[in-house]
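Feature annotations, reproduced from Swiss-Prot:
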- 169, 195, 196, 197, 198, 199, 200, 204, 265, 289: AMP binding site (BINDING)
- 257: active site, proton donor (ACT_SITE)
């Protein structure tokens, strides 16, 4: 059927048909059509929405993402015809029924995700099926390789290339802002592609964006890394492992991070940037993704095994995950805390020690420090000011202000102190509840939003002492966080005597 294009400036991978045209073509909402610009030969496949009033018969509404492929002008005549269901839908249905993906199944699915053949609902079905039924190690390898092969790769002439990753689950984990410049200052290359927050209140890319732009094409990431030793960028802008970033888009609203997909996501990006040596941080503890050390060791073995399949040397570190790293959650607050350490601050100890330990593992793997001497070598680089200077170089080459100081980074203007209800000790910090409050306050999208935790687990407090402060850029977000915070109880305070049990209760 010949239809005339009407461009619709809406972010939707589909087209809009008048219901009479849809009936003539025997297509319904959710079906697919193929659009062909016969003048240029360009084609695109899209799912269908129908309307009886928004457009006229004889017109096809083309949403912005579809026209990124077609590149047609308003009023262009195009040929529109029904399209077959992609085979990848049958593969997804098989996984929903408890089956397993073959290598070819995985290639079909990943290619259709990258080419925008699958609708948002279909990608969500894939994410959910993989989450519920899991992926075995062969399926994880298939997904990793397919994710890399459908995107760009970096090719360095100097080796080894070092990379690190934290699987998340613990708030305030701003360690990359220290580890990357320490490793780069040692003379190694670290092209750190990072993701934005999925279930947390700020991914590394969200934090780095406070200091400098993070969206760069792959070639520029390689050039920046070769010039100054490192970069901290958003992987979603590089076309490195593009399927992964699209999958993350659908994991985010569900707040799920399927284990097999998580392993493939991490390792695909490391493989694509040419990493030889990889350090994986696995936080362990209640209210984290990994509850026990036994489970953490199992996950570590899976990372190491996949690394061997891909030709990378991987080492993992189980880290304490029952309390936030440092005292801050949210982009501006975390960046300010990390910059202060680079500038010479000796607190917070949890941030400094974790960063030095993980950087030290990388230095030992690369032969820059002897066995057991890595953390000390990393500390020497930090204390000497070389890491700060390297971070300034990274900020500058990415287009930020290299002279920025910790004191220049300020939290949101709206704030609320949550005070201790009684004298006692902080006996628990609920990570997931703290993250929920930070997100309600606007983090990570509002850079000034987040939490400053004054009293961590084991701290003695007096009634009325501030336990944590909520910051927000907008008053209504702060009010919402306060309202929900009254029911979440993210921090528990108890006296040394937990409960009095009188004689009368047992008479």
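Just so it is clear, glycine is given a Cβ too, placed from its N, Cα and C backbone atoms.
For residue 265 (AMP binding site), applying a Cβ distance below 8 Å and a minimum sequence separation of six or more within one chain yields 147, 195, 241, 244, 247, 248.
Taking the C-alpha positions, the distance from residue 198 (AMP binding site) to the residue listed as 'active site, proton donor' comes to 8 Å. Taking every pair among 169, 195, 196, 197, 198, 199, 200, 204, 265, 289, the residues listed as contacting AMP, the largest Cα to Cα separation comes to 18 Å. Counting only residues at least six positions away in the same chain, the Cβ atoms of 199, 200, 283, 288, 289, 290, 321, 431 sit under 8 Å from the Cβ of residue 169 (AMP binding site).
With respect to their backbone Cα atoms, residue 196 (AMP binding site) and the residue listed as 'active site, proton donor' stand 13 Å from each other.
Using a 10 Å Cβ-Cβ cutoff, residue 196 (AMP binding site) registers 22 neighbours.
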